[in-house]
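A.B. asks: The following feature annotations were taken from TrEMBL:
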- 1-24: signal peptide (SIGNAL)
- 24-138: domain 'Ig-like' (DOMAIN)
- 146-248: domain 'Ig-like' (DOMAIN)
- 254-334: domain 'Ig-like' (DOMAIN)
- 346-424: domain 'Ig-like' (DOMAIN)
- 431-513: domain 'Ig-like' (DOMAIN)
- 550-573: transmembrane segment (TRANSMEM)
């Protein structure tokens, strides 16, 4: 009975305490939540009001388990501070403050994702009762930079199903990041042919990875569009955003317009040029086929959007059609361009070859059929310009007028466009001898001289050579052109002679006379013989030598014979075989001019006659 009464008393006390605590509670204030990055330090403040001092207050910290139960991690009163062991926070928490000022702070180091729980601060006061506050700890992890990958396959506007454009992915974020697709600056939603599918993956670490792909029906306008992803993720106190790189996609679409043009040459086209035609549509579908047709029957399929026509003529002028046929839609688009090939026919000269009589006037025309272009006509002779215009007038024609005239027709506005024609003019008239500078000729005896006679005239004159005594000379050579002739004769000079060149045709005759004077070599010999034989030599007189080689040879032989004869006479004289000389007889004193023997020596090199006396004395000029 006593035990039962004791239990009833204890229960009554507990009810009384509970009732008192409910009636008298400590006022505790805490933040609703505290946000930190993973790995950082979190501080949770607990503020309370109590009339009791530090000795009358008990402080306890708890965190909520997933089951909804409390787990105590810290205890503090006036006598002790205890961190409960065996919890995830045993070695990572600390509490600052004694509560004397009504504030205690729970510090958690190296916050991890599992720390995202609710923490409870419980305050017990002897007089004020019990009070508690709660704070939710929020943990954040910044995700890695997002990536985007475009689908390499090209898309066609004719595709019947939405095509996968690309994939965006962001990894290792907490809480879960959000991905939004953009085309240019417009977000893509799940409507109007667009499908966005995202897959969320929870990693072993507790972090989240998100992969998102977009599918859509492509149009021609998507060919230049830029696609990208925007990633939004949470951070303490707010959100942040990052974007991926821009990608574009390849879209095939048929042409809606076709253009064809002449790529080269630039400017006007002339016959003989090579033309390059370019044909392009505003589409890019590989199923499109380009062909070029021409009114003249040409039809070419283009492989590289170009057609080259080589060495074009005026027949290549006309309209060229470029046709683009899309094989998927079976639609055909056509573009046109007009090509005009300028032409310039060979020049026509009238008359082409003509013969005029000397003194008459010649009129010739030059024309060339051409496309409507401005052209000029210039006449040349021997490379020299002589006239401009279609008509050439030659007045008072002479033999100098004869020759070949070239008419050149040029189109200045097109480089290299020109043609030409020729006019050969022959002038009829009596022969006209082209006189040389000198017709009086001197030549050595028995030598030959060549005489030239150059005659102009048409018909070509005939030439004969005669001498003043009626002898006909034989022509050595004769060269003829259309209106001139050159005749050459060779005359051997045996005496003075007159040679005549006779030129004649049906219009008259003309002559040219050459006077040839023969020159003969003459030799001057000694006129007197010295009377005294002398051993001295005398310098001979220099004589003029003119004549042939035969005369000179004869003179040299005579001189040599005289020298030999003088030597013999001198030898006999010394021996006393002549003039009755004895051994002691001195004939040197006798100087009779009758007894002197004179020897003439002549050298063909010095042309000097040397007169020697037998006694070697040099004879004075009066004795020679």
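Every residue number used here counts from 1 along the chain in the order it is shown.
Placement of Cβ uses the backbone N, Cα and C atoms for every residue, glycine included.
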A.B. asks: Which range wins on Cβ pairs under 8 Å with the domain 'Ig-like' (431-513): 24-138, 146-248, 254-334, 346-424?
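C.D. replies: The stretch with the most contacts is 346-424.
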A.B. asks: Could you count the residues of the domain 'Ig-like' (431-513) that DSSP puts in helix, in strand and in coil?
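C.D. replies: Tallied per class, the domain 'Ig-like' (431-513) gives 0 helix, 58 strand, 25 coil.
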A.B. asks: Looking only at the domain 'Ig-like' (254-334), what are its DSSP counts of helix, strand and coil residues?
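C.D. replies: Across the domain 'Ig-like' (254-334), DSSP assigns the residues as follows: 3 helix, 44 strand, 34 coil.
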A.B. asks: Just to be sure I understand, if DSSP states are collapsed into helix, strand and coil, how many residues of the domain 'Ig-like' (24-138) fall in each?
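C.D. replies: Taking the domain 'Ig-like' (24-138) as a whole: 6 helix, 62 strand, 47 coil.
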A.B. asks: Compute the average pLDDT of the predicted model within the domain 'Ig-like' (346-424).
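C.D. replies: When the pLDDT values over the domain 'Ig-like' (346-424) are averaged, the result is 91.
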